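Taken straight from TrEMBL:
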- G109, Q110, T111, G112, S113, G114, K115, T116: ATP binding site (BINDING)
- 425-452: coiled coil (COILED)
- 1-13: compositional bias 'Basic and acidic residues' (COMPBIAS)
- 25-363: domain 'Kinesin motor' (DOMAIN)
Amino acid sequence: MEERGSPDGDPARNLEQGPEGPETPIQVVLRVRPMSAAELRRGEQSVLHCSGTRTLQVSPPGGGTDLAFRFGAVLDGASTQDDVFRACGVRRLGELALRGFSCTVFTFGQTGSGKTYTLTGPPPQGEGVPVPPSLAGIVQRTFTWLLDRVQHLDVPVTLQASYLEIYNEQIRDLLSLGAPRPLPVRWNKTRGFYVEQLRVVEFGSLGALMELLQMGLSRRRSSAHTLNQASSRSHALLTLYISHQTQMPPVDPGEPPAGGKLCFVDLAGSEKVAATGSRGELMLEANSINRSLLALGHCISLLLDPQRKQSHIPFRDSKLTKLLADSLRGHGVTLMVACVSPSAQCLPETLSTLRYASRAQRVTTRPQAPRSPKAKPPQHLETELLQLQEENRHLRSQLGQMDPKASGLSGARLAWAQRNLYGMLQEFMLENERLRKEKRQLQSSRDLAHGEQRILAQQVRELERRLLSACYLQQPVPGPAPPCPCVMLPPLLCHAPPPLCPRCQLCPLCCAPLAHWACPRRELHLPQMFSSKAPADGPPSTRPPPWVPPCCPSSAKCSRERSQSEWVQTQVLAEMLTEEKVIPSAPPLPVGPLNTSPVLRGGAAVPNLARRLEALRDQIGTSLRRGRSQPPPP
Ligand code: ADP
Ligand code: MG
């Protein structure tokens, strides 16, 4: 039978046009196998009819509504292996692989629907017995076509092959020198998912390649069950690597050369365990096959959803989806051959395959050939490059206009910073370091200012107390004496500073006898007060401590002692009188009405304090002068 055309032209020729742009849909063709002898014997009916070369009609038994499915090409049971090869568009993929693209052909469908037959022909009839040429599948025909094509190329090409199977979620090398052993799947940025330590064999002739294929086919797992006497129990991936000798050799010796790739995937068929009668190991295999096919279906569904396509696709869910990730969403060109049985008995599975295939047609990839060093960049990339260069020039000129002094950079460093981003980063780091140093200096001067402020605050408080005390002591009181502020005080605790002269026991302000300060252990509480200022003669009990209050003005001794200790005493009294709290370190938050004395806060209060201090000094001087000029109170 000759190549089958279509009303729109040859589907193969449509595919020969190459990647149609940035997004290329997955190409899907359908193959319907003929009714088998067993099915005919059982009197089963065919429910599938081809209408033209691209549409399939499904007529459900019992007179249900017909369904129509449209694909890139539909090949019915009468089609030969050669028809399939010519119509499916695999030659276009071969061409793309020669140009450096990564291409994948895979068959899928129910078990016994003819997937393996379509790809590699009927099962081997014996060890080393090749498939008859007329029954050879897409794989052998592509080999022949490709090697012929390579011979006519101007540049020498290196051809290599690998062959693996995924059996029960384990990867086995079908070309391994010893017995196949499980191999790990790895991922890296440049290669995507790949199988580590997979044997990649170089071949120079069609005969050598066919031998590799035979070797792999004979090692592949297959078993007999109700629907298929030689059912594949694994997914098989046969890959051809095509590299031009002008291309760079791979950096890693275990890595296949950079170049085009053509991968044939023979999926194990989905199966209903009940229908195939699988038990024991067969059932385990069937479950594992179904699970990986389910993962594949799930990935395809997500890829179809335009919203989800940008997000996560669970390619890692199975080894199969990992290895097909690049074909489904990556930069590859993909061809699917959906295989179906025409029998009415298989209708549910057939419909499921048809729906699956219809959806897969809407999945797109972005084919990209690996760039060779000599390759010219595509037009849009060239434009983008020019735009970026222009922007770069513009930014450089803007940077050049900046005043180097204003930016704090020296001329040479600025030029260096302009040269690259790394230079700019260095500049930022230096700038940051400078700012950090400045911040540290500011912090230490702020601490100094705080210290100074505390000292000033203490001085102010002391002077205020002195002033208060001086006012009480020096000013004549006309009429009845005002009530002594000390009577409003709570009874002094033993640890409170002693306010009274221990000799006369009189209030320093009103001179009233005050007996309530009588803590016998007072000396223990203020040991620092018993300093060398006190006269050394006399026993300690009689020695007046420095905090003694100003004594009766008539007592000469007391007036002498007052010069040393009166301010300590008046400070204590003033503190109690004004009920001012002593702030150990930080100043309090401002509270109270606006006309109250300013509350110290931070370095800004220091000048205020200094002014207050000055004013207090003046006031004290004035009151003392006035006090001296007046006679002492009785
Ligand atoms: P699958 O791989 O889908 O499980 P197979 O390719 O093993 O199915 O095919 C199952 C059986 O049907 C095999 O015996 C095969 O020879 C036969 N068969 C499949 N497709 C065709 C076809 N197009 N022409 C003749 N026989 C076929
Ligand atoms: Mg098979």
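Note: Cβ is positioned from N, Cα and C throughout, glycine not excepted.
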Check your understanding: With respect to ligand 2, which members of the binding-site residues Q110, T111, G112, S113, G114, K115 satisfy a Cβ distance under 6 angstroms to one of its atoms?
Key -> K115
Check your understanding: If H, G and I count as helix, E and B as strand, and all else as coil, what does DSSP give for G114 (ATP binding site)?
Key -> coil
Exercise for review: Using a Cβ cut-off of under 6 Å to any atom of ligand 1, determine which of the binding-site residues Q110, G112, T116 qualify.
Suggested key: G112, T116
Study note, to complete from the structure: Least crowded of the binding-site residues G109, G112, counting other Cβ atoms within 10 Å of each Cβ, is G112
Review point. What three-state class does DSSP give G109 (ATP binding site)?
Key: strand
